[in-house]
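K.L.:
Taken from Swiss-Prot, the feature Zn(2+) binding site covers His92, His94, Asp105. Summarising the annotation, Swiss-Prot assigns domain 'MPN' to 6-149 and lists sequence analysis as the type of evidence. The motif 'JAMM motif' feature in Swiss-Prot is assigned to 92-105; the stated evidence is sequence analysis.
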Amino acid sequence: MAVSAVHLESDAFLVCMNHALSTEKEEVMGLCIGEVDTNRIVHIHSVIILRRSDKRKDRVEISPEQLSSAATEAERLAEMTGRPMRVVGWYHSHPHITVWPSHVDVRTQAMYQMMDQGFVGLIFSCFIEDKNTKTGRVLYTCFQSVQAQKGSEYERIEIPIHVVPHEAIGKVCLESAVELPRILCQEEQDTYRKIHSLTHLDPITKIHNGSVFTKNLCSQMSAVSGPLLQWLEDRLEQNRQSVIELQLEKERLTQELATM
């Protein structure tokens, strides 16, 4: 039986968006951590950004090792929060293409639902342009797979998704956001080392590959690390200002209490 709805907390939504917008050449993916209530509503509290072992323009996959690591992280969060946290879904990006899941996505989702009927899939379609306004858009959807009435194939069923606002970003989501630049850097290093280890490459090709590697790292610093650092600094300044305002409010209330 399909879930009735998905409630995605805004700080987890922020991490998903940052991850999806980190690259427009290949798809990215991650896992959703949360819980399912008695009304079959999936509550997503945080996400885990996965490291891609194979970069493809139109496909991403989850390895068993990554699922195991995510399950361990969910257990840690359950102990930390005292709530029944577990892996409740996965998300991936669709750069430059439609938000609707492909046949591969639907089959992959069906495979996960064999292990957990409450498992959901999220897709973030980015780097697309509205033809009328000529402005960029980001679309997102949530889906599950159901057996088609005719044949052995699966078809998607759209699940209502609601973004639940939060005044502040949670610790776990903040850690995931900070982890993103490191994971992207590791992916670039893995790709470079794999190519650089080939013995038949001539010196000019190796120099070219090194230049491409450096260029990609600089692009990541400009597009991901720089804006993330600026956002964290702005958030820190906002928190400091809030502390000052709360201290002034405390002093005012203390003075009023003393005059009573």
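Glycine residues also receive a Cβ, built from the backbone N, Cα and C atoms like all the rest.
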K.L.:
Could you give the number of helix, strand and coil residues in the domain 'MPN' (6-149) as assigned by DSSP?
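P.N.:
Here the numbers are 42 helix, 53 strand, 49 coil.
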K.L.:
Determine which residues of the same chain, besides His92, His94, Asp105, have their CB within 8 A of the center of the CB atoms at the recorded Zn(2+) site, and list them by sequence.
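P.N.:
My list of surrounding residues reads Glu27, Met29, Val60, Ser93, Pro101, Ser102, Gly121, Ile123.
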K.L.:
Could you pull the average pLDDT for the domain 'MPN' (6-149)?
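P.N.:
Averaged over the domain 'MPN' (6-149), per-residue pLDDT gives 88.
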K.L.:
Test of understanding: give the count of other CB atoms lying within 10 angstroms of the CB of His92 (Zn(2+) binding site).
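P.N.:
Result for His92 (Zn(2+) binding site): 23 other Cβ atoms within 10 Å.
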K.L.:
So how many other Cβ atoms are close to Asp105 (Zn(2+) binding site), meaning within 10 Å of its Cβ?
P.N.:
20
K.L.:
Using a 10 Å cut-off, grab the number of neighbouring Cβ atoms around the Cβ of His94 (Zn(2+) binding site), all chains included.
P.N.:
23
